[in-house]
């Protein structure tokens, strides 16, 4: 039954992605005229006579909700993984890295909302460089981390013996550091080229490409689309295809039914997180690619509204991940509940000491010498 769940999740993910690509292809004749590339392209103009002001409150409300949920949720994820010893598994170390990137990018949302409402960047040159860099670092760090999570799951399911040496929290931390180094290298052009430019009293925070501007702008967008989206998604798809074939071919992966259930459960969690990421980020990547390949086309208010929706959808992914962990992972669910309702543990002790002991074992305090700790999967 677990294999069927994985197959169904992958099939639904493929259908949703294909539908998004098909629908977004219909917008290929439009080009949003926005000043910044990363998810923060907020200074835009349209060719319509009607202003975009009616959608301003909606956009700001959505961004505010994403900011609150994303920052609080990801900080809670970081606290849980750092606080509880049993949560320090290889997979959760990658989740910690993802939460750091998501929390970091949500801190830029208030600046984006101000930028959008004023139609001008009021925070100066240095803040502009920092903001654009964070935008790019989050994009690269998130997809690279999800790729490593998928590779980690592939090794755990298809090569369980090698996994004993490869899948350790220490090595996961080293890989996370390498991910940030690689993301910093990939995002270096954004920090160098990011800057402000003032025209007619309006300050734009954007990538300032040398001449010929259109050539370098198009090259940058295509490179980002390929290396920050297409290549990682292909690697992730290959990993999960091999995992599904493996799960279909054997009844027991490790000789233990309980450990097999954990392997399949975590594989399902990672698959859902990856699928949600792809669904949230596919629209904005398609818009950016269309913008790069279809210059000199008219912009309209409906198209710009759709563009802002895609930008918001990309940022929404940062606030969705903690919710996914809470619903799909029992350990996260118990730790979240213990954090939000600390009195519930004491109440349960009077009713059932056995239930309390089991729950403490699932989400224990930071006691490294506790022999009851289960081996992480």
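The backbone N, Cα and C atoms fix where each Cβ goes, glycine too.
TrEMBL annotations: computationally assigned, not manually curated.
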Original post:
TrEMBL tags one of 34-57, 58-81 as transmembrane segment - which one?
Top reply: 58-81
Subject >> Of the residue ranges 93-111, 112-130, the one that TrEMBL records as transmembrane segment >> reply: 93-111
Original post:
Looking at 266-293, 350-377, which one does TrEMBL call transmembrane segment?
Top reply: 266-293
